[in-house]
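> Dropping a structure here in structure tokens format, bear with me for questions.
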Amino acid sequence: MFIISGRTMLKKAQQEGYAVPAFNIHNLETLQVVVETAAELRSPLIVAGTPGTFSYAGVGNIVAIAAELAKSWNHPLAVHLDHHEKLADIKMKVAAGVRSVMIDGSHFPFADNIALVKSVVDYCHRYDVSVEAELGRLGGQEDDLIVDGKDALYTHPEQAREFVEKTGIDSLAIAIGTAHGLYTAEPKLDFERLTEIRQRVDVPLVLHGASGLPTRDITRAISLGICKVNVATELKIAFSGALKNYLTQHAEASDPHHYMIPAKAAMKEVVRKVIADCGCEGKL
């Protein structure tokens with residue numbers, strides 16, 4: 001089996017003090033980049049997609065391509081549902097072969113969030129599918145999800161303990177000052193809050209919104225209990241920036257082989273950097 005649950009790899013990261021990168025992908029080329037780079041560096045890997053990505057590319061296509069790439073590189077990986085909000089949607093994608101999901105009920109009141117997440121956990125654990133959930137809200141935009149900065153809420157440590165106990169989740173995404181998208185000013189992460197959450201919660205902790213974070217912040221967050229680091233925007237910017245630059249310089253270009261190569265190379269450098277920041281090279 002080359003498509004696996006994220007549970008074991010996150011537990012190993014927790015025990016050994018590194019983080020597993022979760023890279024958001026969109027198509028064949030972005031899948032190729034993250035799998036090939038992770039395989040070359042022997043890094044554990046989570047390939048993530050938002051509802052919009054799976055709608056665009058097709059869940060069956062993503063799972064099949066990821067499985068074939070994983071097999072060809074002899075590199076097991078998790079295909080992960082990022083920021084999914086509906087149990088019915090999750091059921092359909094689990095049936096298609098996904099083995100790692102994030103249910104996002106962070107926009108609901110605390111009790112309703114627990115109820116939704118518990119229903120997803122009860123279903124997914126029957127099929128050995130790992131479940132991540134979010135408590136607190138990150139500002140910024142992810143796919144079609146937009147959270148105004150004033151509506152962003154940090155995770156409350158004591159609520160985190162209750163949330164994990166009542167839902168049975170495998171990992172918890174927390175809000176400590178990161179945001180989706182790029183930062184207009186250097187973020188100030190609440191490391192004290194992270195420490196307090198870690199003291200109360202025994203499941204692996206997840207950091208969303210890591211694009212553009214300084215290496216020192218990622219390293220410190222991992223030392224305090226972060227076991228999974230999500231990166232999306234930074235990958236898209238590198239890929240699309242190189243693509244636009246090539247087409248600007250070669251206005252008559254029409255062969256995808258030519259303009260996809262520099263785009264993939266630019267994205268690959270970001271993937272390599274994130275793996276280094278996570279301290280997970282050679283940890284597969």
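Glycine is no exception: its Cβ is also placed from the backbone N, Cα and C atoms.
What Swiss-Prot records for ASP82 is active site, proton donor, and it gives sequence analysis as the kind of evidence. Residues annotated as Zn(2+) binding site in Swiss-Prot: HIS83, HIS180, HIS208. Among the features that Swiss-Prot reports, dihydroxyacetone phosphate binding site is placed at GLY181, GLY209, ALA210, SER211, ASN230, VAL231, ALA232, THR233.
Help me understand the surroundings of these features in the structure.
Every protein chain considered, the tally of other Cβ atoms within 10 Å of the Cβ of ASP82 (active site, proton donor) stands at 26.
Packing around VAL231 (dihydroxyacetone phosphate binding site) is summarised by its Cβ count: 27 other Cβ atoms lie within 10 angstroms of its Cβ, all protein chains included.
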> Per 10 Å Cβ neighbour count, which of the binding-site residues SER211, ASN230, THR233 ranks highest?
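Max Cβ neighbours within 10 Å, all protein chains included: ASN230.
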> Using C-alpha atoms only, work out the spacing between ALA210 (dihydroxyacetone phosphate binding site) and HIS83 (Zn(2+) binding site) and round it to an integer in Å.
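So the Cα of HIS83 (Zn(2+) binding site) lies 15 Å away from that of ALA210 (dihydroxyacetone phosphate binding site).
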> Using a 10 Å cut-off, grab the number of neighbouring Cβ atoms around the Cβ of HIS83 (Zn(2+) binding site), all chains included.
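Cβ-Cβ neighbours of HIS83 (Zn(2+) binding site) within 10 Å number 26.
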